[in-house]
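Quick look at what TrEMBL annotates:
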BINDING   LYS51, ASP302  FAD binding site
BINDING   GLY172, GLY173, GLY174, PHE175, ILE176, SER177, PHE178, GLU179, GLU198, GLY262  NAD(+) binding site
DISULFID  CYS42-CYS47  disulfide bond
DOMAIN    4-317  domain 'FAD/NAD(P)-binding'
DOMAIN    341-440  domain 'Pyridine nucleotide-disulphide oxidoreductase dimerisation'
Amino acid sequence: MEQFDVIVIGTGTAGQTAAYDLAAEGYRVAIAENSPTPGGVCALRGCQAKKWFYETMEVVARSRHLLGKGITKLPGFNWDQVQKQKTRFTSKVPENTIAGLKGSGITYLQGQAKFLDTTTLRIGENDYKTRYVIVATGAVPAQLPIDGAQHLITSDDFLNLTALPPRIAFIGGGFISFEFAHFAARLGSRNQNIHILEAGDRTLGPFDQDMVTQLVRASEADGIQVRTGVSITSVTKNSDEYTVHFKSGPPLVVDLVVNSAGRTPDIEPLSPDTAGIKSSRRGIDVNPAMQTSIPHIFAIGDCADTVMLARVADMEAHVAARSIMALENGTDLPVMDYTVVPAVLFTYPQLGMVGKTEEMLQKENTPYRKSHETELNWPTYRRIGMTHAAYKILTDDKGGILGAHFLGDNTTGLVNIFKQAMIDKTPVSRLKNDHIMAPYPSRESDILYMLDPLID
């Protein structure tokens, strides 16, 4: 039976990162993949793939906001052309993934991995021994327990559509629904009829709800209808139409229904119970060193019960790899720190955050100070016709940043500035001083106005 130092299960961003780290240190590493197209969700069907649609959507959205303010005619757009551009990128991912792994001395194993015990894995038809395992199998679209669920397409399917029908319902009020609804509203026909249907009383739960309210207003202004508190009983098909039936209220007739109610950890095929690995519907239980209930088995990325974000998965991969090295060397294990995790929703406007929300601070009874404005009328946003820009900065009584939240057209840049300030423990007084000489006028120079109310 062939033996390895480490077997990594999954070739997404987390799995590859851990495998490369360990191979570079001389470990004998194998990586297993069940999918015929290795490379992971992010590159093939997620964050990288969707950005091809976002970039085109942003041009169209900004042009609409500037119509009559310098723009006299909306640009033409073609969904299929964007799809082809995306496919040129994704089609090369599998072969590049395998070539990169093999070029680094990592053994590539094709097949479904399954635990036989804590040190033995069956991958495809063959069994392998290993001293360590890193599970990085990611997540798959959640299954909805409603009649007619077979009529729904997944987020994976949506990103492979060659054309957009005019009437689309997105089930779920999270990341996927909002981003894809914004794509559809701007890149479909001129008469798009887009719906977001959320069972709970709020959408985008991880984000600050004042900011979410602003995004919902911006979405509705661009023709996206957002409904909360809806209970879907079934979806029926009649010719080329689909009818979404609710527990109360009239049904909704559309051309396409997308199951965008989130993703669930892809761990069941592994038979984790066989190895004594503890897990729940949220994922595999891990400690801050990314160890599972079995110390030499690790879990990282979307399959772990942590935060489902690509760069978080990468950091978890580094921690897991360093943890294995620490176990080998008898040194202290590294730990993950989730206190400063940025997140950005690629809608237009973008919604971004880092740190805690106001609701979290209130729940913790943590004292805080706040600078918050909505529907910003600053020249920065008037110039681009944006009417729903907003921000919220939360600090402690000494000026330490607890959370930062932005709705605008360059949210990623602002979030990164505040993320670094939080990592460096930079108080708002110093952050303001650091940005007095920021390029002006710019989104970054506006930070001065955001921080003024927080400085005595």
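Keep in mind that glycine also has a Cβ here, set from the backbone N, Cα and C atoms.
TrEMBL does not curate its annotations; it predicts them automatically.
Not measured: the values here are computed from a predicted model.
Sequence features, as recorded in TrEMBL, placed on the structure.
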residue : record              : contacts (Cβ under 8 Å, 6+ apart)
CYS42   : disulfide bond      : GLY12, THR13, GLN48, ALA310
CYS47   : disulfide bond      : ALA310
LYS51   : FAD binding site    : PHE346
GLY172  : NAD(+) binding site : ILE196, LEU197, GLU198, ASN259, SER260, ALA261, GLY262
GLY174  : NAD(+) binding site : THR203, LEU204, GLY205, SER260, ALA261, GLY262
ILE176  : NAD(+) binding site : SER155, PHE170, SER260, GLY262
PHE178  : NAD(+) binding site : ILE196, THR203, LEU204, LEU215, SER219, LEU345, THR347
ASP302  : FAD binding site    : GLY12, ALA14, VAL41, GLY138, ALA139, ARG263, PRO265, ASP266, GLY283, MET308, ALA313
Would you mind splitting the domain 'Pyridine nucleotide-disulphide oxidoreductase dimerisation' (341-440) into helix, strand and coil residue counts from DSSP?
31 helix, 28 strand, 41 coil
Including all protein chains displayed, how many Cβ atoms other than that of GLU198 (NAD(+) binding site) lie within 10 Å of its Cβ?
21
Quick check: with GLY172, GLY173, GLY174, PHE175, ILE176, SER177, PHE178, GLU179, GLU198, GLY262 left out, which same-chain residues have Cβ atoms within 8 Å of the centroid of the NAD(+) site Cβ atoms?
PHE170, ILE196, THR203, LEU204, SER260, ALA261
Determine the mean pLDDT over the domain 'FAD/NAD(P)-binding' (4-317), rounding to the nearest whole number.
96
Using DSSP, would you call ILE176 (NAD(+) binding site) helix, strand or coil?
helix
